[in-house]
Amino acid sequence: MTGDTDPPKQSRTQYGSISSSPSPGPPQVPPGGTYLSEKIPIPNAEPGTFSLRKLWAFTGPGFLMSIAYLDPGNIQSDLQAGAVAGFKLLWVLLWATVLGLLCQRLAARLGVVTGKDLGEICHLYYPKVPRTLLWLNMELAIVGSDMQEVIGTAIAFNLLSAGRIPLWGGVLITVVDTFFFLYLNNYGLRKLEAFFAFLIAIMAFTFGYEYVVARPAQGALLRGLFLPSCSGCGQPELLQAVGIVGAIIMPHNIYLHSALVKSREVDRTRREDIREANMYFLIESTIALFVSFFINLFVMAVFGQAFYQQTNQAAFNICANSSLHDYAKIFPRNNLTVAVDFYQGGVILGCLFGPAALYIWAVGLLAAGQSSTMTGTYAGQFVMEGFLKLRWSRFARLLLTRSCAILPALLVAVFKELQDLSSLNDLLNVLQSLLLPFAVLPILTFTSMPALMQEFASGRVNKVITSSIMLLVCAINFYFLVSYLPSLPHPAYFGLVALLAVIYLGLTTYLVWTCLIAHGATLLVHSSHQHFLYGLLE
């Protein structure tokens with residue numbers, strides 16, 4: 001990779017933080033702000049003691065971050081994993097959430113210690129070509145996530161209206177709801193955080209209700225959760241496992257969390273305050289992901305119980321003999337396994353457990369789609385500002401992301417079938433998994449650099465764990481790329497996929513190389529990359 005070889009000179013302004021040389025002229029900040037400029041004060045407490053008041057003050061960024069673990073992409077991944085593998089992949093969900101927590105801990109620590117988010121650090125350390133490719137891939141991840149939110153919301157509106165709102169109509173409605181969130185943002189950060197906590201509570205109630213009425217077999221569920229095995233599994237189950245990892249650990253969410261923690265007033269000149277902030281953010285993130293894990297577990301268990309090895313004919317018979325018999329026609333009368341999606345999932349729940357289950361499912365799906373809208377906007381804003389130093393108003397950023405997401409979703413909704421919309425959602429989950437190294441590798445790199453993180457750099461044990469994460473993510477994606485090539489519909493696609501694969505592997509190799517340098521591999525140090533080992537020039 002080539003690009004800028006001389007890193008910009010930086011100066012240390014406070015404990016563990018760095019700042020760029022100021023640009024000439026006043027900063028250009030559009031009206032309406034582009035950043036979480038409101039700072040939440042942290043109450044005083046006796047040093048060395050745990051304070052619930054302090055935990056409450058630090059509570060917010062972790063729950064906003066956890067929304068990415070509950071977006072429609074996750075719900076789709078959960079229900080399909082349950083339908084394809086029953087309870088066999090519950091352990092993948094558990095350990096993917098644990099790995100997600102480790103990554104989010106590193107993201108929060110980077111933001112607290114340096115006072116900068118991951119995008120800003122990437123801008124300072126990576127040469128122009130790699131950081132531009134990184135930025136483009138993160139924008140792709142954000143647009144892909146927003147497309148999933150559009151798809152989930154459109155299907156939710158269709159279910160709630162008993163089909164009166166067509167899918168394309170639901171897609172267009174998502175344009176309107178964005179203005180509501182921009183309006184809500186004017187009421188302050190704490191109220192915004194409270195609203196998203198309310199949406200998480202709705203999801204916990206709705207999907208928890210489905211879990212109670214479905215009554216999954218608890219013994220089989222616990223075995224699937226704590227015994228890592230998958231007897232009789234093939235490529236469909238493997239692809240679902242990859243989809244779970246990609247849906248749970250969202251690449252842009254790591255960039256988002258490193259920025260959200262900057263909304264709390266932390267005195268970065270005092271190591272005690274930094275250590276305390278790291279502790280409280282870790283506790284909050286653990287609680288938030290604990291909640292998100294159980295919500296995902298509810299969905300996967302419900303569909304593992306209701307859909308596993310279910311045939312289309314069986315689903316047709318169930319609906320034909322229920323009060324929702326008009327929906328039976330969506331299931332072909334054959335003995336193939338049901339290809340479950342958002343829509344069919346809601347219908348079969350309604351046929352099995354009554355119309356209330358259908359509408360409660362749709363409300364939960366709607367909450368999942370709506371809650372992810374604003375966090376995706378923030379992520380896009382932080383990524384753009386960090387990588388490009390380009391500041392847009394939140395309205396402009398939201399309009400750009402939603403426009404890019406709506407157009408392909410609208411075309412599929414108008415000209416294709418519902419199944420095509422759900423297939424697009426599956427593809428987007430795999431895309432998130434493929435893009436994951438472009439968030440995981442940078443965060444592992446920078447949190448391992450003593451020159452940047454000082455005494456808060458990852459220790460030997462953490463480096464072993466995080467390096468294992470890096471190898472696992474890269475191995476999963478390499479296996480997927482190799483497995484995917486034979487399934488291409490036409491040989492003409494091979495050239496395009498091969499070109500993209502070369503770029504993908506080239507960027508991944510570069511990121512692994514710089515990560516190894518940051519971990520102390522001095523033999524790999526090139527003169528233009530010494531700052532990954534020794535830090536930026538003072």
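Keep in mind that glycine also has a Cβ here, set from the backbone N, Cα and C atoms.
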Do A81 and L222 share a side of the membrane, as Swiss-Prot has it? yes
What's the CA-CA gap between N321 (N-linked glycosylation site) and N335 (N-linked glycosylation site) in angstrom, rounded? 18
Six or more residues out from either end of the transmembrane segment (287-307), which same-chain residues have a Cβ under 8 Å from its Cβ atoms? 62-63, 65-66, 69-70, 74-75, 78-83, 85-87, 89-90, 93-94, 97, 100-101, 104, 200, 203-204, 207-208, 210-211, 214-217, 221, 224-225, 248, 338, 340, 345, 348-349, 352
Within the chain of N335 (N-linked glycosylation site), which residues six or more apart in sequence place their C-beta under 8 angstroms from its C-beta? T311, N312, Q313
Mind checking which residues of the chain, 6+ beyond the ends of the transmembrane segment (347-367), have their Cβ under 8 Å from one of its Cβ atoms? 72, 75, 152-153, 155-157, 159-160, 199-200, 202-203, 205-207, 209-210, 213-214, 302, 306-307, 310, 315, 318-319, 322-324, 327-328, 330, 338, 340
Do any residues of this chain, six or more beyond the ends of the topological domain 'Cytoplasmic' (262-286), have a C-beta under 8 angstroms from a C-beta of it, and if so which? 14-17, 36, 38-42, 47, 54-55, 57-63, 65-66, 101, 104-105, 108-109, 111-113, 115, 117, 189, 455-456
For N335 (N-linked glycosylation site), the three-state DSSP class is coil
In contact by Cβ distance (the transmembrane segment (395-415), the transmembrane segment (194-214); 3 or more pairs under 8 Å): no
